[in-house]
Amino acid sequence: MLSTMRPRLSLLLLRLLLLTKAAHTVGVPPRLCDVRRVLLEERAHCLQQLSKEKKGALGPETASGCEGLWDNMSCWPSSAPARTVEVQCPKFLLMLSNKNGSLFRNCTQDGWSETFPRPDLACGVNINNSFNERRHAYLLKLKVMYTVGYSSSLAMLLVALSILCSFRRLHCTRNYIHMHLFVSFILRALSNFIKDAVLFSSDDVTYCDAHKVGCKLVMIFFQYCIMANYAWLLVEGLYLHTLLAISFFSERKYLQAFVLLGWGSPAIFVALWAITRHFLENTGCWDINANASVWWVIRGPVILSILINFIFFINILRILMRKLRTQETRGSETNHYKRLAKSTLLLIPLFGIHYIVFAFSPEDAMEVQLFFELALGSFQGLVVAVLYCFLNGEVQLEVQKKWRQWHLQEFPLRPVAFNNSFSNATNGPTHSTKASTEQSRSIPRASII
């Protein structure tokens, strides 16, 4: 029985590890090393009790019966023959199921019998459940998806950020905000990789104890990166809304305020969360959020920022529709607003509106929530990089110009041929740099994305 239970327990702990990696919501299972720590503590306590039994004077019936036993799960005291011994479910199984039950062994002339009923069933942990098998496979696929998503997003964001930083003609307020947004997505991807490496690189119990301070610092950094990313998405929505709603708007004047909102406000809330967590829920590595009131210190501002962005989205659509219907609007400006509407419609749904949908979702919708938050959310940076940089007409024409200059320097006698269709096809959210510069003098709100 013990030989068959050990691989089952290993499989159970593996699933527990995957569950912990996938979710950061209230009520998720404990970490694998926490379970193993409890198991080793129970073992040490049991061996101490059995040692006391051996040193003490055992009765004649007990001496001729079954000797005390630690079976790698439960502690069985010494017993007289022909008796049934009852013990409670192991604590590490209670951590997984919260179901209290009893286990039994018979003391026979040949020694201890097998444990009955099966510990996993008696304690509410059904290892052979087909639902657990499906969930295990689902979480493995989910891990692959969000790893690929964050990796591809990180690569594309680094390229996009280097492009915007390299060309001085692209340096303007809107692109400065875009670059800050790119950095926030880069930090979000890196923080996920660092968190996984720190939390799950080792399952040894001593690792959990020795790296508690560093582990908590990693979680503080992780939470800050998540909040900063949502804050810069809010800044993007606020910037678009302000440009459309206010007639005279000094972009450079408010850039410092945007930077303070994007990087400063998350630091305040994360600091409050860390202080609250230290005094009210200073357990583990701060990766399990069992206290809902503490978790709302971070969760509340994130949901509020998404709600505000959604309001901006509705109002931006209202303003755009009103401007497009105005007969006095010139044709060139109408084209600009159409491109703006297209870019806005592509951008605003990426602000995390799905987070509100699943913020109060029931437990049976957890897998769908994890899919949207981890799998699809990990590709968010990739989509934003494509929308803000690679599909931007100004960026494309600057890259084309740089390529022409390099080609003329390397091959001065070979003409450079560019199809006119390239400029027409790639003229994304904005016109060329020269055209947009000239038009921006008369239409300051034309090129926003």
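A Cβ is built for glycine as well, from the same backbone N, Cα and C atoms used for every other residue.
Keep in mind that this is a model prediction, so the values were computed, not measured.
Annotated features in Swiss-Prot:
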- 425-442: compositional bias 'Polar residues' (COMPBIAS)
- CYS46-CYS75: disulfide bond (DISULFID)
- CYS66-CYS107: disulfide bond (DISULFID)
- CYS89-CYS123: disulfide bond (DISULFID)
- CYS215-CYS285: disulfide bond (DISULFID)
- ASN72: N-linked glycosylation site (CARBOHYD)
- ASN100: N-linked glycosylation site (CARBOHYD)
- ASN106: N-linked glycosylation site (CARBOHYD)
- ASN128: N-linked glycosylation site (CARBOHYD)
- ASN291: N-linked glycosylation site (CARBOHYD)
- 1-25: signal peptide (SIGNAL)
- 142-167: transmembrane segment (TRANSMEM)
- 175-195: transmembrane segment (TRANSMEM)
- 217-239: transmembrane segment (TRANSMEM)
- 255-276: transmembrane segment (TRANSMEM)
- 292-315: transmembrane segment (TRANSMEM)
- 341-356: transmembrane segment (TRANSMEM)
- 368-391: transmembrane segment (TRANSMEM)
Of ASN100, ASN106, ASN291 (the glycosylation sites), the residue whose Cβ has the fewest other Cβ atoms within 10 Å: ASN100
Closest-packing stretch to the transmembrane segment (142-167), where packing means Cβ pairs under 8 Å, from 175-195, 217-239, 255-276: 175-195
Among CYS89, CYS123, the most crowded of the disulfide-bonded residues [Cβ within 10 Å]: CYS123
For CYS46 (disulfide bond): DSSP state (helix, strand, coil): helix
Close in space, distant in sequence - CYS46 (disulfide bond), Cβ under 8 Å, 6 or more apart: TRP70, CYS75
ASN100 (N-linked glycosylation site) and CYS89 (disulfide bond), Cα-Cα, nearest whole angstrom: 6
Site with most surrounding Cβ atoms, counting all protein chains shown within 10 Å, from the disulfide-bonded residues CYS66, CYS75, CYS215: CYS66
CYS123 (disulfide bond) and ASN72 (N-linked glycosylation site), distance between Cα atoms, whole Å: 15
Assigned element (helix, strand, coil) containing CYS285 (disulfide bond), judged by DSSP: coil
Intrachain residues whose Cβ lies under 8 Å of the transmembrane segment (255-276), provided they are six or more past its termini: 173, 176-177, 180, 184, 216, 220, 223-224, 227-228, 230-232, 234-235, 238-239, 294, 297-298, 301
For CYS107 (disulfide bond), nearby residues of its own chain (Cβ under 8 Å, 6 or more apart in sequence): GLY65, CYS66, SER79, ALA80, PRO81, ALA82, ARG83, THR84, VAL85, SER113
